[in-house]
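Undergrad: So TrEMBL has the following annotated:
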- B:39-62: transmembrane segment (TRANSMEM)
- B:92-117: transmembrane segment (TRANSMEM)
- B:93-291: domain 'ABC transmembrane type-1' (DOMAIN)
- B:129-151: transmembrane segment (TRANSMEM)
- B:171-195: transmembrane segment (TRANSMEM)
- B:216-239: transmembrane segment (TRANSMEM)
- B:272-290: transmembrane segment (TRANSMEM)
- B:319-344: transmembrane segment (TRANSMEM)
- B:370-563: domain 'ABC transmembrane type-1' (DOMAIN)
- B:374-394: transmembrane segment (TRANSMEM)
- B:406-428: transmembrane segment (TRANSMEM)
- B:495-522: transmembrane segment (TRANSMEM)
- B:542-567: transmembrane segment (TRANSMEM)
Amino acid sequence: MKFWGIKSFMVCLFAAAGIMGAFLPATGVHAGEITVYTSYEEDEAAAFLAAARRDLPDIKVNLLRLSTGDLHARMLAESANPRHDVIWGWAVTNMVDPRILNMLEPYRPQGIEKVPARFRDTENRWFATTGYMAAFCVNNEVLKRRNLPMPTSWEDLLKPEFKGEVVMPNPASSGTGYLQIASILQMKGEDKGWRYLEDLDKNIAQYIKSGSRPCNAASAGEFAVGASFALRAIKNIDEGFPITMVIPSEGAGNELEATGLMKSSRNKKDAKRFIDWALSANAVNEYYRWKEIVTVSGGTMPKNFVAAGLPEDIGSVMVDMDFNWSATNRDRILNTWQQRLER
Amino acid sequence: MALSRQEDEPSPRLLFRRMLTMISPAVFVRKMKGADGEALLRGLMPLLVALPLVLFVLYPMVHILGRSFQTPEGAGFGNYISVMGTSRFLGLVYNSFAVTLMTTGITLILAYVYAYAIQRTRIPFKNAFRLFALIPVFAPSLVQAQGLVLLLGRNGLINRTFGTDFSIYGYWGIVIASVLYVFPYAFLIFSASLAMADNRLYESSRILGAGSVRTFLKVTLPSTRFAVMASGFVVFTLVMTDFGNPMVIGGDYSVLATEVYNQVIGQANFEMGAVIGMVLLLPVALAVALEKWLTGGRNMEISDRAQPLRIQPHLPRDLAFGSLVLPMASVIIAVVGVVIFASFTHLWPYRMEFSLRHYNFDVQNGIAPLWNSIYIGLMAAGIGVIAAGLGAWVTERCRTFMDGPLYFLCIAPAAIPGMVLGLGYVLAFNHPSSPLAMLYGSLLLLAVCNVYHYHAQGFLIASTSMKQIAGTYDEASAALGGSFIRTLRKITLPLMWPTLVGVAVFFFMRSMVTLSAVIFLITPSTQVAAVSVLMLEDRGAVNQAAAFSVCIMAVVVGVLLVARLLLNAFGYRHISLIR
């Protein structure tokens, strides 16, 4: 009787251990199963994946979608024991981080010649099929209420009447934010570029720590102008928000989304089939339905993109970005930005 | 877990069983008999508490600590020098303290008043008011801030309705959101403490002619002194290390916790994140030391001869407290209510007609993450009760030389920002050489992470209540020849039972809504509900994010109801479930 407590305690302990054991993951890789990490927006990724499942019914694709910065941090944290087979649709600027490049295995998928050479790695570690570009979301209701003119360029945002009405992403945490200031620095040159950013800073209400939220904040009417990316603006217009998409007349900064095979993949056969699929006609079709930038020819832009104000010849409004420059100078630029402008 | 894995290999299993027999304390104790056995058990108990804490708190933190000294030029203080050498860093420290101290002060006063009204007055609808106070715990903290923006934002309900033009973003936004976020924790601790009172003290005070103010200052306040320290400490650390609220509503008002987020997420800079994480530990460690020092000579108010408090009718008192509690409850309801309302509108704030379209989730895996969260919550509740309850009992009752270090271990997790803990888990457990690598990628690790993320709060709820059970019971039991285990089973557990149920509910609720630590541990097959909310929120599907939060709240409230009915069925009607 004296030690009843201990006995029952031990019984409970083992019962608990047994129950927990049931929740442990099955170890070992199943044939026909791959894990893919992506930064495609939720709805895009879901549509692409549905198409992939139709074309590759025997492969089970486990997809994890995180924003660009989150995924970067996660892959570095997991680098000792990577969990994924494929990186799919992830910012080139992050992909060319040497720590990431070292994890990738060179692979030439079927149909790689369809991707222009400037959109792929010289050593075949990655190729980019899609991309996104900077755009402003301008709230028509707020413009009217506060009697503001419709801005058409980055330069317009310097006007004193926009003081406290502009939000943009914090480039230290947001990929979209970084491509915006990288494009300004590349277009204007560093001296003029930094002077512009310092002037703009006087009108900025907030630097928001996400690339899509400035557009959402403007859509919700919290601010007049949110510097964000084009697809977000198109989606919010489709949703019914009273906003206008403005592509800055100086040119829109942009980012490409790349795909690569992991050296550590435990199912390279299926991983390669998935990457081949990412260049197939069906995949490209889907890209054209969802993305403002597609590097592979073979489709046309959806009507709602054009209706929202995207020109059919997208190249005419895009800044010719030097991604190598963006990648190699990332730490230095962010340091400077933080010293001079971060609040 | 090892047993189930080795089912088809008999010989290692037998070996394993034999090993277990050898190390089982029960067998040891049976062999040694009597007082020796009990002494040994007393010695083993602290180890049983310490081991998991070392494994799931210290071990990941050692990995993070190591990272903070890792520089491209080898080990050194380079990261610390480059972080602390900037004026920006001093600004962040100042901001963090400004927000945290203000929030702590406001929360302690409001939560004390609220808990006093519930436990010591005769205001009507107490059960409803108690539930209202706890509403913020039911929802992801992101939604609290979202509710505030919907209400008080530049284009929020108030500004739109009254044509005013003020902005909630910044210092006061963070403070208000943080008060809402931590209010329930302080309330729970005050409420548990104020629930216990010895009527004889109040009788004596009345007979001796003391007024109500004097009675409060001389009797009530001293007897809840420990609760004031404990909740002050909990609130301080929660606010100091929270990044959700400052991120959503802070605008450009940065604090140390958001800086960790910036460094790790934006720049994949684990080293810098680790440094600031380490810096965050400092004020929190000081708070712990201060609390320990201040409560060093505490005295017990609940003795074995205590009589339950009889609250006298007193209309002016009840009216006064009612008029204080009502607006507080209204604010809490309004902030969550506006989110629920927004989830049913077509397009907030432009088209307010009713719509269910946001409940058709087009997030990855749809509604499945909600089920994962429920599994994780149940596991965390089970593990959490054992961990926190055992921790409180051992530190309060066993009186071993390990008490001090154990107490520190038990509350240390409060000092660790969830994000830092999550990163520590990835670094520590996702390594092929780690003995626990198999845990990575399982729902169990998410549950364990939640338990140790919130260990301190669960532990403090248990230990506050344990402190108020006088040690004389134990002495009486021991004098009558009752063994140490028998005392636990016959006296401590029956008295502690309501608190432990509260602790289980606490861990379940936190697991349902927490975000910061688990965001690094989710895998494609282990998505959780709160992360789905963040993803929807991030994508701009504000209405859908609100709808998903409503689902989370519905589950939490549903589980509370089920637990309530179960307890009632077993005759524990008098036990209040949420403590």
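Each residue, glycine too, has its Cβ placed from N, Cα and C.
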Undergrad: In terms of Cβ proximity under 8 Å, which residues at least six beyond the ends of the transmembrane segment (B:319-344) contact it?
TA: 110, 113-114, 116-118, 121, 123-124, 129, 132-133, 135-136, 138-139, 143-144, 146-148, 150-151, 157, 180, 183, 354-356, 358-359, 542-544, 546-547, 549-550, 553
Undergrad: Return yes if the transmembrane segment (B:129-151) and the transmembrane segment (B:39-62) have at least 3 CB pairs under 8 Å (sequence gap of 6 or more), otherwise no.
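TA: By the criterion, they do not touch.
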Undergrad: Where among B:39-62, B:92-117, B:216-239, B:542-567 do we find the most Cβ pairs under 8 Å to the transmembrane segment (B:374-394)?
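TA: Stretch with the highest Cβ contact count: B:39-62.
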Undergrad: Counting CB pairs under 8 Å, which listed stretch among B:39-62, B:216-239, B:272-290, B:406-428, B:495-522 touches the transmembrane segment (B:92-117) the most?
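TA: The listed stretch sharing the most Cβ pairs with the transmembrane segment (B:92-117) is B:216-239.
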Undergrad: Please determine whether the transmembrane segment (B:216-239) and the transmembrane segment (B:542-567) are in contact (criterion: at least three Cβ-Cβ distances under 8 Å, sequence separation 6 or more).
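TA: As far as Cβ distances go (cut-off 8 Å, pairs 6 or more apart), the transmembrane segment (B:216-239) and the transmembrane segment (B:542-567) do not touch.
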Undergrad: Under an 8 Å Cβ to Cβ limit, what residues of the same chain, 6 or more beyond the ends of the transmembrane segment (B:272-290), are close to it?
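TA: Distant contacts of the transmembrane segment (B:272-290): 64-65, 67-68, 79-80, 82-84, 93, 97, 233, 236-237, 240-241, 256-257, 259-260, 263-264, 408, 411-412, 414-417, 419-420, 423.
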